Amino acid sequence: MGILGLSKLLYDKSPNAIRERELKSFFGRRIAIDASMSIYQFIIAMKGFQDGQGMELTNEQGDVTSHLNGLFARTLRMIDEGIKPIYVFDGKPPKLKADELETRRQKAAEAEREFEKAKDAGDDEMMEKMSKRTVRVSREQIEESKKLLQLMGVPVIQAPSEAEAQCAELVKKGKAWAVGTEDMDALTFGSTVMLRHLNISDAKKRPIAEIHLDEVLQATGLSMDQFVDLCILLGCDYVPKVPGIGPQRAWEGIQRYGNIESFLESLDAAKHMVPPDFCYREARAFFLNPEVTRAEEIDIRFSEPDEAGLIQFLVKEKLFNPDRVNKGIARLRAALTKKTQGRLDNFFTIVKAPPQAAAPRAPLAGRKRSHDGKCVHVSGTLQKATGGHKKAVRK
């Protein structure tokens, strides 16, 4: 889910912090990519329905290969542009996310029921819509994706918990320049730069959104702690929303009161019932100090492609077109041997003014309510990071 409504809010409140870029703008950059999000996008992009029958990309044996096709093609496209992708995979979800995951399971089950109704009615459009809501990336697809990337010589990192948090850790410590994901909570985890729409195909001509956290804070007058509180009020994966608090009210609340505690005390208890499981203190702590492997412990290396391994895996096992795979290997080797010109901005140090924090104000008079935001204890142990198809018919 990420952060509900944050993208629109930032376009309204800090438009200058967001730039529209082409893929080639990131030449020479290391980008930490949320792998699971990318794979999910590749799978749903290749699902469709016609005459009541589902269509998805498979090989001649009927194996779904959407994830491998999309990952191979898009990674090659980035490498062609001189980009150095680093793929980060999700680990164990935090305890705080349990309710959100259960909600997703319930929504997927409901989508399955709606799919069957649409199938009986012969409604291709509704079938496609509901089918995409049931998509889940399988463990097998994750492992196949890791294998493909490693054979291509692209770094793979296994996060101990949330991939966005691990990506943000790499960016904050200078191991990567930006996080590539659709989930806005990459900013909430502290990534200084975030890229959205990185996996959109060139044919759709949708620009990549480059968002700078320091400029967001400077334009809004928020400190990082206040920005995190705003994101929690907007709606995140770790706590339920407070009823009746939309984006504008959340924005005004943090601007006026400076933190969730003071804002909650200002609310009319009769109009805004704070959920008992609104564990905002734990959510805040997780955003500011997530479970990640320290960037200093991660050795990121780009290596030569394993030509024989790629042919064995893609051509012999997954039945990819040999010419396509060989051309891909040639592109990988060309990227390694090509003399890369350094980015001009690498020769300069840019110093920006620190953002100004908004000072908390006294609560409004009126009916008050105290909510300490404490619900559960979050703990975890850090883990070392490690570094010719056709459409099939679903009946």
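Numbers here mean position along the shown chain, with the first residue as 1.
Note that Cβ sites are derived from N, Cα and C of the backbone, with glycine treated the same way.
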Candidate from ASP123, ASP124, ASP229, ASP237 that Swiss-Prot assigns to the same Mg(2+) 2 site as ASP183, ASP185: ASP237
Of ASP90, ASP99, ASP225, ASP268, residue recorded by Swiss-Prot at the Mg(2+) 1 site of ASP34, GLU162, GLU164: ASP90
Among ranges 322-330, 340-348, 385-393, whichever one Swiss-Prot labels region 'Interaction with PCNA': 340-348
Chain-mates of ASP34, ASP90, GLU162, GLU164 with C-beta within 8 Å of site centroid, Mg(2+) 1: SER36, MET37, VAL88, ALA159, ALA163, ALA165, GLN166, CYS167, THR181, ASP183
Three-state composition of the region 'N-domain' (1-108), taking helix and strand from DSSP: 55 helix, 25 strand, 28 coil
Collapsed DSSP category at ASP185 (Mg(2+) 2 binding site): helix
Secondary structure tally of the region 'I-domain' (126-257) (DSSP, helix then strand then coil): 69 helix, 15 strand, 48 coil
Candidate with the highest Cβ count within 10 Å, taken from the binding-site residues ASP90, GLU164, ASP185, ASP237: GLU164
Alpha-carbon spacing, ASP90 (Mg(2+) 1 binding site) to ASP183 (Mg(2+) 2 binding site), which is rounded to whole Å: 13
Residue among binding-site residues ASP34, GLU162, ASP183 with least C-beta crowding, 10 angstrom cut-off: ASP183
